[in-house]
Amino acid sequence: MQKFTTVTGIAVPLRRSNVDTDQIIPAVHLKRVTRTGFEDALFAAWRQDPDFVINKKEYQGGRVLIAGADFGIGSSREHAVWALRDYGFDVVLSPRFGDIFRGNSGKQGLLAGQISEADAETLWNLVEAAPGIELTVDLVGKTVRVGDLTVNFEIDDYTRWRLLEGLDDIGLTLRDEARISEFEATRESWLPQTLPARSPESTH
Amino acid sequence: MTNVIPTSQVSSSTGLRTLAEKVWDKHLVTKGEDGTPDLIYIDLHLLHEVTSPQAFDGLRLANRKLRRPDLTIATEDHNTPTLAIDKPIADLTSRTQIETLRRNCAEYGVRLHSLGDIEQGIVHVVGPQLGLTQPGITVVCGDSHTSTHGAFGAMALGIGTSEVEHVMATQTLPLNPFKTMAITVNGTLRTGVTAKDIILAVIAKIGTGGGAGYVLEYRGEAIRALSMEGRMTICNMSIEAGARAGMVAPDQTTYDYLEGRAHAPRGADWDAAVAYWQTLATDDGASFDAEVIIDANELEPFVTWGTNPGQGVSLSGSVPNPADIVDANERSAAERALEYMDLTAGTPMKEIRVDTVFLGSCTNSRIEDLRAAAEIIKGKTKAEGLRMMVVPGSARVRIEAEAEGLDQIFLDFGAEWRFAGCSMCLGMNPDQLEPGERCASTSNRNFEGRQGKGGRTHLVSPLVAAATAIRGTLSGPWDLVQDGDQ
Ligand code: SF4
């Protein structure tokens, strides 16, 4: 996972609350055998409407999604985070997140920053007045800057640390890699190995 | 898992350890602090086509290596057809999953047993058969019935896709300690009563959530008397009691099963391994967090009437009346189950007529299961209009059965003799029940729609499956004797 410090990119205003994971990625799009390629599945139902915000040309290449309250509620599917990441979003700002979604985000390098309802409104107005405007999300200072305006966002310390360090679950474990290697050095030589393949010694 | 007592704290005061604790301690890479999990080393990672693709892809995206290809093995089982296995798989999703597994295994250097290979088969049949599943090791697989491997005294855990990726990259898993439960089965099973009946009775007794948070250890005279196949049947269904794993301490039966198998230790290694395996049994006086006692002498063939594996009764019993159930949740579950199963309270189980008999799945598709069923049906005629499908657990089991002439016994009887795979256990391939079709199945899950949309499943032992195929109604081997057939 990439270390996350600041992101500067186009902001996309999603003026909707209670966006559940079924809307982020409808179930019919879950059949893939890959971890990537979900970008077209993101908000697939809403994107049928040419006026949906993501379809507008000013917002192409958006990296920061500003959503209404209770973003990411519903089923625990990790695909919701994958779809947002695949599309190109590095940050979602919302006044409140679904718990599981927020947990999954931190593990997959998506910053889920909590802002106040008032700041969400301010940011929406600002971005809608100047579509395609870029803003800067600073994880070190926990701020969002656009022009002269700076608003704060909240994120728990543990997730922030993981994002700053670029550690997913596996990355966390691999910090102990020396311990794993030490452990491996003590394993008995007769423990089973799948390679090379062997044939039975006798018939069974 | 609230109020979980870390097992390592329970008996550390006495220094006496249970089997599960010994295996756990032996695999501790780092001890968790302040509520963080322990990091446990994984000795054997089993893969199949359904839960591995996104794990491989995650590895690829993060540019990570598969840490130990030499501790990893894959087989094709969940989606594979059991007929015409040389033809391309018709279903697109199934075919994609299989092809993806093949590509991934080639790219990462994983040993794969594909359809048509002699070692192909249900992942939980293949591991033990190759001698890879050994006492005292840790085994994981992205499949809940990984608990099967606990029959050897291994700690065997089913895991999810993101954990599969974690094991691929690190050969470890962060895990919280479990509680331990002893399931002691005293006495001797009567003829016609099997391991399947023990585990169905255990689940009916403790409930489908009764094992939650626990590793179960099966002990006692009746367990000692079981073959490895029987022990696997029992451990397999531990998950149906909600348990994280099930285990049986290794003994001479275990060693005899393993000796000479392809990946069992040899020569001096064998002696060293056995010496270690002999230290694994739970210390006398070690304490468990919970204990359940079952009397094998009293057990009869057991069958399910409902839509979860805990909804079972003795074959000589009747469909229960939901009104008699005290717990409100269980009562309404029973009502719903009877409606789905189209059963009336009070109906004797033996009067229930079935359409299909399925002999297969990782619970009961090993050679011993096929032999037991074949012995009962030999020279008999199948009930009119009933279909029986026999699906060996692995290609090797199929070949072994054919060498013994079992295939001919099944075919003469009028059963279908199929290629190895999960098949009708979950109906991911074309082997499915029709809506409303009633099946006596040797598999492990009788959930609504599990074997096909609208299908009705009664879980049974291979002996009950065979007797049912002869009589057309749920029956045990004893009923055949009463019919004067034997
Ligand atoms: S046989 Fe059934 S329970 Fe066993 S691994 Fe296959 S699908 Fe799962």
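Cβ coordinates come from backbone N, Cα and C, glycine included.
Per TrEMBL, [4Fe-4S] cluster binding site is recorded for B:Cys362, B:Cys422, B:Cys425.
Known features from TrEMBL, placed on the structure.
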residue: B:Cys362; record: [4Fe-4S] cluster binding site; Cβ neighbours (10 Å): 28
residue: B:Cys422; record: [4Fe-4S] cluster binding site; Cβ neighbours (10 Å): 31
residue: B:Cys425; record: [4Fe-4S] cluster binding site; Cβ neighbours (10 Å): 28
In the same chain, which residues outside the set B:Cys362, B:Cys422, B:Cys425 have their CB within 8 A of the centroid of the CB atoms that define the [4Fe-4S] cluster site?
B:Asp77, B:His78, B:Ile122, B:His124, B:His145, B:Gly360, B:Ser361, B:Thr363, B:Ser365, B:Gly393, B:Gly421, B:Ser423, B:Leu426, B:Ser443, B:Asn444
